[in-house]
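Undergrad: Please see the structure below; I have some questions.
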């Protein structure tokens, strides 16, 4: 971290603490913010004042208070003083002011904070402070145990039924109670930095959430938490304290500056203004003249409008984010800032607020140790000087960061094992018989000493036999330790509430007024709409294409007004127009869902209420609706031959505006209720279906059953369609009466559909739609206010954990005995392997020059990322690949492993002396990716069996394969977790550290000779990192070649490596060689370079090495470390080694395999199908929800269209029956297609890893993915067919039921395969859903229901035959009714003749229809397979 980062950080933390404490009362809160921000200002107050400046101050002092607080003295670049209105200060003024205040952060920040404190102390204003106490805190959760914890199809149903019965007290729940925190008590004191340590699953996050007042309501809590003696219900803890999550949730389209500025504006000025007024009054009374820069800064930071800008700029500088301030934060779809920067944005977002107490959860993930040190040091200065309160959990704090803390809280298995001064924690453990080794970081020791696996190595009482001391025993011993007794005595003394500063605790729910909240949210929504303009333009363009198609299908020259049939075509056209405009609002659903996680976070932090978020998302979409509907109506109205009256033209425009707004509001509401794409799309389909089927067009009002008539009257679509029909058919051109008629043709057409032909129904429709718009938007706001997100981490206990007698937490590997892994390393493995070395000489990797660099004047065609890199990795030697960010560590590893998908590679790479060939190399190598990509719905054991099945040679029988899998599980200590579900990261399943070990094991079961590991310890705490490194070490000791990239390791992790390959920025090596005992060879090499500072005793050699080889050190010393290395004896020895290993040994031969893959095609298919079986069976969110949805829809259709299959005496009866088929095909088909897309998308990321590892070819994978759907869709079609066929009353003959089942089964199938295909040919799920959505619309238009085939213009009829829904509808209708000779009472035709003449359906064509529908399914499945094989959207 740069010096500026540190300073920035400090100030920001300072400001946060200050604000928090002051905001509780009236205004002093703001003081704190001021102090933070003003701090740097104070560092300038040594300036001598000239006479002119004195005169200006005198003039300011004479102003009224309000004006005086809005004017300040600002110094220009020449040093001249000028009076400035704070409201008018611009970007340049703010920038100059900050430049003067924050010069060199590391040097000036503390001075600045002290000066700020002195200014406030000088006039006798007190800083508020908060002491947080928690007493006898117990937190319990309910969890399923063992196999019931797996989310299988049957468990999903059982849990659902059980939960229902439990809620009405019929049957008790089978959940087991799990205690997360066990009777914990303690004090977090102001002015002191407290570090929270503990292994994963120990309850750290739960404790932080409990203290911040943000616990999930589902947890059972006893005990109490107090701030300055006040319980949480007495004030607003969410605004008094800031909880900084370990998860980085931000809106990707906003820049870093905009993200922080929005947060600052929402959290408000707090009490800064009142504090400043009091400060100014006292200074005036005491005739004290403040520093001009500080005064200006404080005034800007307490002025509405200016405050957010000034505070944000300051925080950006302190956090070192000023270099990326105007860069998008980014997400999966948008390239943005790095992970470490994103982590700092998460911290900054809360620190710009006025909270005085900070609860920070793993804020250092992804940061290097120097940046973490800088941030924590700044927080420490702020906390000490400004009386802040901070409890911070860190994963792997380096010794220098650990030493910044005053107090330690050590959690283990829900117990507080130690809480007290840092200096005395080691004394406590020594009193228990455990000592921290000399070269061991104290933080690492503390996290390992309570672990069953690690504890014994620290036992020092050689005269006593060792036994495992449980966390409970430690906690009991701590109570009698002198530190524990002191804390206990303090807790017995109640905090005197009268001593609590009135500004310490906040009682106002929101930081700013209602009008300002609405303004801030509106401005952000407008910004996001501008950033997402492409989406709106794309929607507009898509609507334009559909409009052009629609107007050419319903072309005015083909649209006569001579008969009821003609009226039917107009009705179909108008119905489609309404449906099209309504479905255009569907895009609100994914856009709303996408922003919900950030909304929930900000809502829970009380940034704004739900209505302030909901209103702008409604109002600002109205102009978009105007543009879209305007384009549609102006383009299509006259071309389609609607009534030429201009009044009716504008009435249609108004109506469609309201339809679009109603639909948008409805989909926003559904998104807020559904909260996940799966649930929301299911709800959405359900709501649409009710509207669609009961909208009066598909099923006429007279035919709606009494039990569904309520749905007809509450369907917005009914009012929309009735109004648009009345608007058209009440026109002059429809007033004539046809032969045999008794009323005008227009009225007859409307009445035939069961609608109301009276003109006033247009205005009833308009009024109803306006009412629905208001109702849905209010419901949307209410849903946002009261519903919480679904996807929260789920508590599960494995069978092994349940059976374990240990006191330790069931979720953690350390609870299991297991030294067998270390014993195995000397025995060798069940399966032999050939050791291989890898050498590379003068390797150069380059890519095409990025366009932006070309534009900046670079003339080279290629950008070189690796420059002539050479080295050798040998069997049984563990090599660390290290370097600063941008050094090319991962790039080198990807090049060697053959994982690069682009670029140019030059140089020599050899395997045991033979040139490397990627197809054979993939068979003997493994690559552990940093991202831990695994199928979420299989267990640990199944993941390993699957990998071994596909990657071990064919001659390894099943018994040996299973033995090898067991051995590997033992080696990486996964045996206790064999039945644990892998799960989704951060939601359920394995912890981060367990996933890392699974990644290693998945590669090990392939029995590779060479293994590459990318950052195997990143994101882990010290104890977890030690477990992973032990697994890595065990792997190397079996004689394999292992290379790891590693980021800022602790001393003992670093010294677990045998050799180091150190690179500098620009892709060049600067040290390649052995580490030696206690890194002696490495230290000797660099200390021999003149000017390099010597390492301090006990200092981490890895940290020292990166510090002394930084580019700034190169410049300071005037050397190039690459040149020094290439002139050294070490380099010459390495080149000799490379030459030696580049020659094949006698008696060896080049790698050769008879086939590309380890297993034959059929075995690949079976293995992939086996995994897909478990993935589907354990994914009830997809499989069970789809079946339940289908069952509900079937029951709805059955009751809605009850017995209509037996009535075919009228034209309308046939239309009703067709309508039931059309609606079912469209809705269930689209639901199948949409719901399969996220499933395939998640599995495709796993597929990319497995394919790169050479596990199988793309075709078996695609075959399995296609095949696994068939049984589930068979069940779906059977359930639907039996329910609907019997309830609708179709004719019970074997042939007719078979045809109905056949067409529905293959329709569900081709829709599902179509959804899979769209994912395979597009880069991500979002694009796939957009592409699919376009096709749904076109298929709907050409389905043959809205416009029968004979009425489609000849120039479009060809597409009818290319529309799968048209073929399905043809098959369903022709098979049921195409052979009926019954006469229709309102037609002079039989049913068969009517279907032939009006729809072109022929019963004897069924065989062809069946073949075509099967062909659609086959073509879509085949295209899916080709897409998976041909397209790789992963870029490396």
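Just so you know, glycine gets a Cβ as well, placed from its N, Cα and C.
These numbers come from a predicted model, not from an experiment.
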Undergrad: Out of 462-482, 483-503, 504-524, 567-587, let me know the one Swiss-Prot marks transmembrane segment.
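TA: Range annotated as transmembrane segment by Swiss-Prot: 567-587.
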Undergrad: Quick one: sort out which of 433-453, 601-621, 622-642, 790-810 is the transmembrane segment according to Swiss-Prot.
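TA: Checked against Swiss-Prot: transmembrane segment maps to 622-642.
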Undergrad: What range among 407-427, 743-763, 764-784 does Swiss-Prot record as transmembrane segment?
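TA: Here Swiss-Prot associates transmembrane segment with the stretch 764-784.
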Undergrad: Looking at 1238-1258, 1301-1321, which one does Swiss-Prot call transmembrane segment?
TA: 1301-1321
Undergrad: Counting other Cβ atoms within 10 Å of each residue's Cβ, which of the binding-site residues 202, 205, 885 comes out lowest?
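TA: Comparing Cβ neighbour counts within 10 Å for the binding-site residues 202, 205, 885 gives 885.
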Undergrad: What does DSSP call residue 883 (ATP 2 binding site) in the simple three-state scheme?
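TA: Where residue 883 (ATP 2 binding site) sits, the three-state DSSP reduction gives strand.
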Undergrad: Let's check the environment of residue 888 (ATP 2 binding site): how many other CB atoms sit within 10 Å of its CB?
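TA: So the Cβ neighbour count for residue 888 (ATP 2 binding site) comes to 24.
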Undergrad: With the ATP 2 site defined by 883, 884, 885, 886, 887, 888, 889, 890, which remaining residues of that chain have Cβ atoms positioned within 8 Å of the Cβ centroid?
TA: 891, 1063, 1065
Undergrad: Give the residue from the binding-site residues 884, 887 that has the most other Cβ atoms within 10 Å of its Cβ, counting over every protein chain displayed.
TA: 887
Undergrad: Could you pull out which residues elsewhere in the chain have a CB under 8 Å from any CB of the transmembrane segment (1301-1321), counting only those six or more residues past its ends?
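TA: Non-local partners: 1224-1225, 1228-1230, 1232-1237, 1240-1241, 1244, 1262, 1265-1266, 1269-1270, 1273-1274, 1276-1278, 1280-1281, 1328-1329, 1331-1332, 1335, 1364, 1368, 1371-1372, 1375, 1409-1410, 1413-1414, 1416-1417, 1420-1421, 1423-1428, 1431.
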Undergrad: Using a Cβ cut-off under 8 Å and a sequence separation of 6 or more, which residues in the same chain sit near residue 890 (ATP 2 binding site)?
TA: 930, 1014, 1045
Undergrad: Residue 886 (ATP 2 binding site): which of the binding-site residues 199, 201, 203, 204 is the nearest Cα neighbour?
TA: 199
Undergrad: On a C-alpha basis, identify the one among 199, 201, 203 that is nearest to residue 888 (ATP 2 binding site); the candidates are the binding-site residues.
TA: 199
Undergrad: In the three-state scheme derived from DSSP, which category covers residue 204 (ATP 1 binding site)?
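TA: The residue in question, residue 204 (ATP 1 binding site), is helix (DSSP, three-state).
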Undergrad: Who are the long-range neighbours of the transmembrane segment (1184-1204) in its own chain, taking Cβ under 8 Å and residues 6 or more past its ends?
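TA: Sequence-remote neighbours of the transmembrane segment (1184-1204) are 153, 156-157, 678-679, 682, 685-686, 689-690, 693-694, 699, 703-705, 707-708, 1213, 1216-1217, 1219-1220, 1223-1224, 1227-1228, 1231-1232, 1235, 1272, 1275-1276, 1279-1280, 1283-1284, 1286-1289.
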